[in-house]
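S.K.: The structure under discussion is supplied below as structure tokens; questions concerning it will follow.
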């Protein structure tokens, strides 16, 4: 009898525990996205664009830290297609990264389902097509990750959220742009700028005296953009998932692939005010506007438009060195160990990556340390998982710039899980660059003009640098970052100048150890698409 009672009690405890676990599991959010071509006129001329569920830009993902995201992507285009989740770290699951180094593309008139978790992340992110030049005609959208209710935010409360996707735009379609690049010609200056897919008609309405959170992302493919609001200051509170020192700005430069979050308090008279985005480092300067409308306003904004700063490139570099965006001790969750002391960690490897514009076989290409990347037909991650030879070899790209003739190739750096690495981006071109790393964020510790040398390490900020995933490199200059490679997988390191990436300005980091464990990496998803040498596996 006692044994029966004991078993009943034990079963009751197990049932309660199971119910608790089920209730405690992080929420799931399900999406079905139908990707099609459509017709829109962002700059007044009707052209073909990529729609998601008939929307341009695509629908936003509004989620909370640790949510599980399930997105069934139905590709109704006439070409293979993938979406990448820019800034989402895909912890232990580079299978879900959505680039050609990790995934087979979704064939036309087929579908594939992404399944990933927003593990320990907050902040402002985006998604967009990673295949070909598709993102030049749409398919992009916002990913906004809010903190859990038990976690406080380190800035004042706000009355509402506005999401702004700002970016350059070409009237030529993706296939025309691709043909131009493949013929050896660079892309011209964009035809204009958009805010949320519109040229001059985006309106954001708020109440006088209230504070609003503006999530702003540069979704463009080539151009740095200065952002400002007439008669209003911007209090910067977050940069790509990291809470920042809350400094006040009249305007902020946002480079391709970068995101910021700022608080704006409506302290002006009840009327309309211009929201202004204009290109940086271009001749001529392109500008677009939206409207910040005070509720009850019937007064249009006054002219002239607020003027963008006229500082030149070197002033910007000096500003970047002297204004430090402070990373707080918490992002998605409290950190009981305190701030991560990145400046006290031993660097185990240094990569100095020099980008260059070259000719290979008479055609325009871009290289990183002499290699212009070409996607193999078999994704690197699948080749690595199945031990398929002949797809790539480790460290065929050198850690330092080389004088060897430029060549086409599949460049992969072999790194060990938990390595702490210094990466120096050396820009040898007269144009600004923007670099993004999938799978991790890095600490931006230094900028400078000219050629980087080890003597310049003494200028590094080893105390309170911002942690982000995308960083600009000024013309004929360098930028240094430090990164803890604590996420096993195959990770794309790429130019966010999309034409440059299309023509080879990218590489991959294989972050690996010899432990086969779900604690370090998930198994290949059962629904993983096959292509190339994996087609019959």
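Along the chain as shown, the residues are counted starting at 1.
Each residue, glycine too, has its Cβ placed from N, Cα and C.
Copied straight from TrEMBL:
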type   : residues : note
SIGNAL : 1-24     : signal peptide
DOMAIN : 35-148   : domain 'Plastocyanin-like'
DOMAIN : 161-297  : domain 'Plastocyanin-like'
DOMAIN : 378-515  : domain 'Plastocyanin-like'
S.K.: Quick one: mean pLDDT on the domain 'Plastocyanin-like' (161-297)?
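M.R.: Average per-residue pLDDT within the domain 'Plastocyanin-like' (161-297): 97.
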S.K.: Going by DSSP, how much of the domain 'Plastocyanin-like' (35-148) is helix, how much is strand and how much is coil, in residues?
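M.R.: Reading the DSSP string over the domain 'Plastocyanin-like' (35-148) gives 7 helix, 53 strand, 54 coil.
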S.K.: Work out, from DSSP, the number of helix, strand and coil residues along the domain 'Plastocyanin-like' (161-297).
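M.R.: DSSP classes over the domain 'Plastocyanin-like' (161-297) add up to 9 helix, 69 strand, 59 coil.
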S.K.: As a quick check of your reading of DSSP, tell me how many residues in the domain 'Plastocyanin-like' (378-515) are helical, how many are strand and how many are coil.
M.R.: 17 helix, 59 strand, 62 coil
